[in-house]
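Colleague: Mind looking over this structure? Questions follow.
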Amino acid sequence: MSVMALSQIRIPLLMGNSLNAWSEALTGFSIWGFPLGLVILAAIPLVFIALYALTYGVYGERKISAFMQDRLGPMEVGKWGILQTLADILKLLQKEDIVPAAADKFLFVVGPGILFVGSFLAFAVLPFSSAFIGANLNVGLFYAIGIVSIEVVGILAAGWGSNNKWSLYGAVRSVAQIVSYEIPAGIALLCGAMMAGTLDMQQITMLQSGHLGFAHFNLFQSPIAWLPFLIYFIASLAEVNRAPFDIPEAESELVAGYFTEYSGMKFAVIFLAEYGSMFMVSAVLSIVFLGGWNSPLPDLGPVSLNAMTSGPVWGVFWIISKGFFFIFVQMWLRWTLPRLRVDQLMYLCWKVLTPFAFIGFVLTAIWEIYVP
């Protein structure tokens, strides 16, 4: 009964379809006036919630890594080591913030900030439920694809500003990798947009709703959809520098890549940006191909499972669950697949993924035109 009551809540943290609509409805003013401050104030707790969740992504990775290696992982601080990450944050806050003497201090300082901002700006267009979205853009999918480019600037600033050859090598590798893999990733997402007929991420999600649950998801609407789905997942691993594409921070070659010289909270901010990007690409994959906030459970005869597990609160649960599932897969692959060489990385992008992405795009267009 309580679960059904929660699913009927229509006024969660945000009223309306976006923070903009919420602030305007609350005050009666235009978004260009006073409500803009309300939007910022409303976004602050969301950022802290995201930081809290991503912080425990580090704990999750350590536990998963330990499980893969038949270890226990963090166990000392708190029950099952659940407070270990908080202890690490306190430790990093007390660490000395070292800036190399020969570094470009401006670039060295702003690099992690640009990375962090670029990672979290994408959260603005992620529809967490029908009433929980920061900005409902009609080109939200393009925004999510393009915002990754900001991280390239931060990586270059961090690598060049460090005045360290290993940092610069790592930055150049990372930029080449991200820019290259944006092409197959973008084409794969356009296949999903073609199936929905819109670039609005909220509309893409709403078009995948229905009483049959997962059967309405884009991934199961066409046999061709599996191709762009797999291409985007592989390309997204490269975009966020996860194994087997973690060449920019290969420990045996580059120490720690473009953040070799960083310490203290700057080091922590770079890691938070990485985990933020991991969730972002996982959420985009879930929205475009797996229904986003929609429940995957179908109705079973007289039991309306889909209706019982739908609504704003359930929507947040479903999209976060789907996102964290793909984060788990990313962590799993880290201890399963060996690291690729640079030439293998580029070969996979330009001679395998990109041609297949174009093939998937053409086949999706043909399917949408000729198959009712």
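Going from the start of the chain as shown, residues are counted 1 onward.
Every residue gets a Cβ built from N, Cα and C, even glycine.
Just lifted these from Swiss-Prot, have a look:
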- 31-51: transmembrane segment (TRANSMEM)
- 106-126: transmembrane segment (TRANSMEM)
- 139-159: transmembrane segment (TRANSMEM)
- 178-198: transmembrane segment (TRANSMEM)
- 217-237: transmembrane segment (TRANSMEM)
- 269-289: transmembrane segment (TRANSMEM)
- 313-333: transmembrane segment (TRANSMEM)
- 352-372: transmembrane segment (TRANSMEM)
Colleague: Can we call the transmembrane segment (352-372) and the transmembrane segment (139-159) in contact, meaning three or more C-beta pairs below 8 angstroms at a sequence separation of 6+?
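Modeller: No, the transmembrane segment (352-372) does not contact the transmembrane segment (139-159).
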Colleague: Which stretch from 139-159, 217-237, 313-333 shares the most C-beta pairs under 8 Å with the transmembrane segment (178-198)?
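Modeller: Ranking 139-159, 217-237, 313-333 by Cβ pairs under 8 Å to the transmembrane segment (178-198) puts 217-237 first.
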